[in-house]
Amino acid sequence: MDALTLLTTRKSNKKLTAPAPNAEQLERIFEAAMRAPDHGKLHPYHFIVMENESLNKLETLLKAAVVEFDLGEEKLMKAENLAHRAPMVIGVVAKIDPTIAKVPGWEQMLSAGCATYGLQLAAQAQGFDNVWISGKWVNGTALREAFGCREQDRVIALVMIGTGMEKAERECRVIDTKDFVTYL
């Protein structure tokens, strides 16, 4: 699949199973992610790979966030499901350095977001479906500690990666660009 087709047909797929990327494929995914736009060459992000037994640890961390934020019993069950939705989960932390005036925090956050998107595209290009998960639970104290976050850092994604149980339909809904583009 050429790059433009990949970009214009990418879709999330929440129904994932094994296999996940192997070590060589994962290395390529990270190489692609680290080519994200990055003013100041800061690489303001960190990736945490979870698979096998560490998915049980993720479940514990997500459940702790549900309790911490009093999100209720339904979210507690969702946390259990979420941690085991895919054979591999990659946590993404935006590592923000507020002391760099030349590259403000918002710009560092954008770079981390672009790296996450690059990670998704590289996985998709190698035949792996994925979905970017976020929400209040990524702000849980236990999860942030496990991911090595400093106060200024933000967990911006839990990217679930695996093989689609059902192939995500490549026909994406048509988006009229006129609603989003203005020419001066």
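For all residues, glycine too, the Cβ spot is worked out from N, Cα and C.
The structure displayed is predicted, hence computed values, not measured ones.
Copied over from Swiss-Prot:
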BINDING   Arg10, Lys11, Ser12, Arg35, His39, Trp132, Ile133, Ser134  FMN binding site
BINDING   Ala122, Ala123, Gln124, Ala125, Gln126, Gly127  NAD(+) binding site
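Recorded features from Swiss-Prot, shown on the structure.
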residue : record              : Cβ neighbours (10 Å)
Arg10   : FMN binding site    : 17
Lys11   : FMN binding site    : 15
Ser12   : FMN binding site    : 14
Arg35   : FMN binding site    : 12
His39   : FMN binding site    : 14
Ala122  : NAD(+) binding site : 22
Gln124  : NAD(+) binding site : 22
Gln126  : NAD(+) binding site : 16
Trp132  : FMN binding site    : 17
Ile133  : FMN binding site    : 19
Quick check: which same-chain residues outside Ala122, Ala123, Gln124, Ala125, Gln126, Gly127 lie with their CB within 8 A of the centre of the NAD(+) site CB atoms?
Pro21, Gln25, Ile29, Leu121, Phe128
If I restrict to non-local contacts, at least six residues apart, and a C-beta distance under 8 angstroms, what lies near Gly127 (NAD(+) binding site) in its own chain?
Thr163
Go through Ala123, Ala125, the listed binding-site residues, and name the one with the sparsest Cβ surroundings, counting other Cβ atoms within 10 Å.
Ala125
In whole Å, could you give the widest CA to CA gap in the FMN site formed by Arg10, Lys11, Ser12, Arg35, His39, Trp132, Ile133, Ser134?
28
Using Cα positions only, nearest of the binding-site residues to Ala125 (NAD(+) binding site) (Arg10, Arg35, His39, Trp132, Ser134):
Arg10
Give me the Cα-Cα distance between Gln126 (NAD(+) binding site) and Ser134 (FMN binding site), rounded to a whole Å.
23
At the Cα level, what's the spacing in Å between Ala122 (NAD(+) binding site) and Arg10 (FMN binding site), rounded?
11
Using C-alpha atoms only, work out the spacing between Arg35 (FMN binding site) and Gln124 (NAD(+) binding site) and round it to an integer in Å.
16
Using DSSP with the three-state reduction, classify Arg10 (FMN binding site) as helix, strand or coil.
coil
Let me know how many other Cβ atoms fall within 10 Å of the Cβ of Ser134 (FMN binding site).
15
Distance, Gln124 (NAD(+) binding site) to Trp132 (FMN binding site) (CA atoms, angstrom):
13
DSSP three-state assignment for Gln124 (NAD(+) binding site):
helix
Do you know offhand how many angstrom separate Arg10 (FMN binding site) and Ala123 (NAD(+) binding site) by C-alpha?
11
